[in-house]
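Chemist: So TrEMBL lists the following for this protein:
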- C:284-390: domain 'ABC3 transporter permease C-terminal' (DOMAIN)
- C:492-601: domain 'ABC3 transporter permease C-terminal' (DOMAIN)
- C:280-303: transmembrane segment (TRANSMEM)
- C:324-351: transmembrane segment (TRANSMEM)
- C:371-396: transmembrane segment (TRANSMEM)
- C:445-471: transmembrane segment (TRANSMEM)
- C:483-507: transmembrane segment (TRANSMEM)
- C:545-567: transmembrane segment (TRANSMEM)
- C:579-601: transmembrane segment (TRANSMEM)
Amino acid sequence: MNDTTDDIADESTDDAAGTPVLRVRGLRKQYGAGEGMVRAVDGVDLDIGAAETVAVMGPSGCGKSTLLHLLGGLERPSGGQVWLQGRRIDGIGEKALARMRRTDIGFVFQSFHLMEELTAVENVELPALLAGRSPRAARERAAQLLEQVGLAERAHFLPSALSGGQRQRVALARALSNEPPLVLADEPTGNLDSAATVEVLRLFESLHRRGQTLLIVTHDARIAATADRLISMRDGAFVDETRLGGGSTGRLGALVGLED
Amino acid sequence: MHQEVILAMLAKEPSHGYQLRARLREALGPLGEALNAGHVYVTLTRLEKAGLLAADDTDRSDRSDRSDRKVYALTPAGQQRVAEWIAEVSWPKPDLAQFHLKLITAAAAGLSDPLAILDAQRRELLRRLREAQRAAMAEPAHSDAALLLEGIVLRLQADLRWLEACEKNWTLRRNRS
Amino acid sequence: MGRILLVGRLAVRDLRRRRLETALLLLAIMAATTTLTLGLVLSEAAGDPYRSTREATNGPDVVAGVGRSAGLARLEELAGADGVVERGGPYPVLRARLQTSGGAWDVQAVGRRGADAPLDRPQLVRGGWVREGGVVVEAAFAAALDVGVGDRLTLDGEWFEVAGVAITAAMPPYPEAFCLLACRADGEPADTGAVAGSAREAVRNPGLLWLTEADVRGLTSDPDALGYVMNLKLADPDRAQAFVDANLRMGAQGAKGVPYLLSWQYILQESTELAQDAQVILVFGSWLLALLAVASIAVLVGGRMAEQSRRVGLLKAVGGTPGLVAAVLLAEYVVVAIVAGAAGLAAGALTAPLLTGPGTGLIGGAGTAPITVSTAGVVLAVAVAVAVAATCPPVVRAARPGTLGALAASVRPPRRVGWLIAVSARLPVPVLLAVRVAARRPRRLALTVAGIAITVSGIVVALSAGAGLAAQRLAGLYDAAQAALLGQVLFIVTLILLCLAGVNAVFLTWATVLDNRHLSALARALGATPAAMSAALAGAQVLPALAGAVLGIFPGGAVLLAVINAMNDNGNDAALPPLWQLLVVVAGTVLVVAVLTALPARLGGRRPVSRALQAEV
Ligand SMILES: Nc1ncnc2c1ncn2[C@@H]1O[C@H](COP(=O)(O)OP(=O)(O)OP(=O)(O)O)[C@@H](O)[C@H]1O
Ligand SMILES: [Mg+2]
């Protein structure tokens, strides 16, 4: 089983050399001016290939959320360039930005951000409705996604009736509603306990296996460990990058002292 | 592999070596794959010599391998040893001091940047975590092996958290100087 | 002492932290108290001014007059009739032409001696009583002429000075005054009690002046041009009309020189006819205004209460007793209520003359309506009562133990209206969002609909009344001056109504925008364009506005008109305005609401997404 996933990961690395889903050059974002100026993101370069999962880790306040917001079009950069599937997205108009958020990007938030008055399936179908899909098509797709995240029987529950892990799975299903080429997740397990984290973890793994491109910001080493690449961020810049993918050592036993 | 584990497995009933091996593999899941067959027999022989168990090769069925034909049983001394082992509270000690001193000495002698050492170490631990985690997810939930793998994942997480603390500390030190 | 200081500090700090909301709350309570002040002042002013004037001036029960000195004997006879206990006059009356720099008017000049007449002692509003060369002008006429004490005017070419301005109960105020003597072109006074009504066509609304007797006689050399008027007091004032009827029947046998008689009831009716019409407008206007003010306060206080629940939780968490919590919240509201109440009183006092002014002139009240102590007390009490009522729910909840977690946890969760959510899925994106935004707060939705319905029904009534006014003027029931007065009253009430409704619409949009910060940020994160979001936030007001406008016409306006018609027994039933006007009202309402809500909605829809999302965490 290890082998199969690794194969996919290896393929994706090859793909990345071709047309990256996301390409970032010299991205900067600063808040304020003069003395109080904060360089939240300070010259970031990044390429993410198709079907690649990239994790970003770093201490609190290093600019991870800001980076994701810039990439997701929730915030305007102060400088630098961003290409999404070969198209420049920095400096495009609000309307084009909205269209991009709608169809090219799925966002998952730490605090879920589900609409409380909408049921799970209504939450999931919302992006499709916003994108102008027919109500029936949107509903079908939402039901199918909930099935995928294992919540088919909870489709008509309100978020308040779901556990944290289930809510985050609904949020993930919502992010996938318009089949975006890139999913951005900002500390998706930040509000979850260990068991709920595993629920979400499994989901990310299966997404990864299905070839979804993912960029995850996290404090949780378990989430980071699912990534193909791990990027360490400090003071708004990338300081280290590790390729975690690659064949299994086949020496699991060594982990528990079964081997010497 | 602790000898006591093999002994304890015989406490239930006398068994063939291959039966012991199967039970071990079941309990360890993917971790047991690393266990080579010879290891069990070597241990059994060693224990037999120590008088902790007795081998009975009267069962002459169609097995060709000599050692496989033997049925092993605990001797009274073996039984006593198992009881002692069960009552023991010893615990494997993580050797953090060694890594800690590695950072300090490397920094003092200017051999290497402690932060670089930390990054490398983290990479290694993350790789292990990734491996353990994948293995854990492949296991059916609530199996014995899954439980063991969860323990590994949790320990690796704890180690990674300690590395984070180290990193914070060393970053501070560097900024101060 | 320390506790009081602490409570004060906490209250003031909270008010300053939410400046905008505090200002809005202040404004809403002020609007409500202004309206209330107006309502109270009006009801006092229109209470029974004729009766009070009658008492103050020792008004007559019956006024009798003759057109010629030849009739004086008949007047003497009347004075001796059964039931008469006191008499004043007879006084000479002369019809004259008054000229000021502003124009020429027909007047009736009554000759008086001292100010101490036994009956009908006109009460001076300004200046002094008649003197040689000095005239006193009836108050409403003075207002129409725009003359004051010291102004000069000519009567049939002779110069006089205005010595004073007075009110009387012996004659309806200008322009309702009737002829005391020859008003007709043929020089004959009307020969029956209906003199006033029938004479109207022939007379240019004679004004009333008092002069010294000598001055009146000095204006004409022909003694026959003088008429006489006499005031009578009866033993039983309630039988004044019967007295008039009895004596008229007797006198009708004679020919010329027959006196005419007017009962005080008749004068009362004539005096208050116009005032009643104005009164109906004002009463309904203030009802509508009060309803609107209550709606806006409900929105604001409701919004604040949700916030406050959180605050109460915090105060309790840091060790505040329920008593302290209550004191802090109460202090906040009482401060706001007193400031707003005082401002509302002042605003009401300033606006009241605009509304009562015309009425006062007509009915002869005492100048501008004063704000009495009781009015002020009631207004402030209501303001404080609003404050206390607003404080109660969070305080009561705070006093309940064990709800701390819930209190600290969250603001009022949005409502779910399942069928609306399902239906909205079929609509275009901005409408979908608008419906969902509106459906999250059903109570606010109801308030929006109600507010607009109230306003629109007010507009419908105003339109109908305006049309009625024009029609009645054409039919000669009102003259230009009267119609202008009523029109002014109508205009002011409508204007206040519209202002309050506008402020309300802005309140509601702000509340909606603030409440939906998170939703709109989230919708935009999911790909809604800012334009769609702004449209949705505005649409959340516009859609209910449309419903409200339609409801305001039917049943709102229609019912209101029916009620007004039932209360107004003058036989001139008001009808619904024509269809095209109604359509314009609906379209206009929707347009105005759209414009008023566009700015806050636009600001709300454009806030940076990431910040709005994070603020909520
Ligand atoms: N709107 C803002 N105005 C000013 N400064 C900001 C703003 N948003 C973020 N910052 C600053 O930018 C820096 C990066 O913030 P960011 O939220 O991206 O950190 P983070 O890495 O996500 O932290 P955490 O792990 O705690 O979520 C911080 O120093 C923060 O104070
Ligand atoms: Mg963050």
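The backbone N, Cα and C atoms fix where each Cβ goes, glycine too.
Bear in mind that TrEMBL entries carry predicted annotations, made automatically and left uncurated.
Keep in mind it's a predicted model, so treat the numbers as computed, not measured.
Where in this structure would I find these features, and how exposed are they?
Modeler: For the domain 'ABC3 transporter permease C-terminal' (C:284-390), the model gives a mean pLDDT of 71.
Beyond its flanks by at least six residues, the transmembrane segment (C:324-351) meets 3, 6-8, 10-12, 14-15, 22, 25-38, 41, 308, 312, 315-316, 371, 375-376, 379-380, 382-384, 386-388, 390-391, 394-395, 398-399, 492, 496 of its own chain at Cβ-Cβ distances under 8 Å.
Taking Cβ pairs closer than 8 Å, the transmembrane segment (C:579-601) reaches residues 452, 455-456, 459-460, 463, 502, 505-506, 508-510, 513, 534-535, 537-538, 541-542, 545-546, 548-550, 552-553 in its own chain, all 6 or more past its ends.
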Chemist: Go ahead and report the DSSP secondary structure tallies for the domain 'ABC3 transporter permease C-terminal' (C:492-601): helix first, then strand, then coil.
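Modeler: The breakdown for the domain 'ABC3 transporter permease C-terminal' (C:492-601) reads 94 helix, 0 strand, 16 coil.
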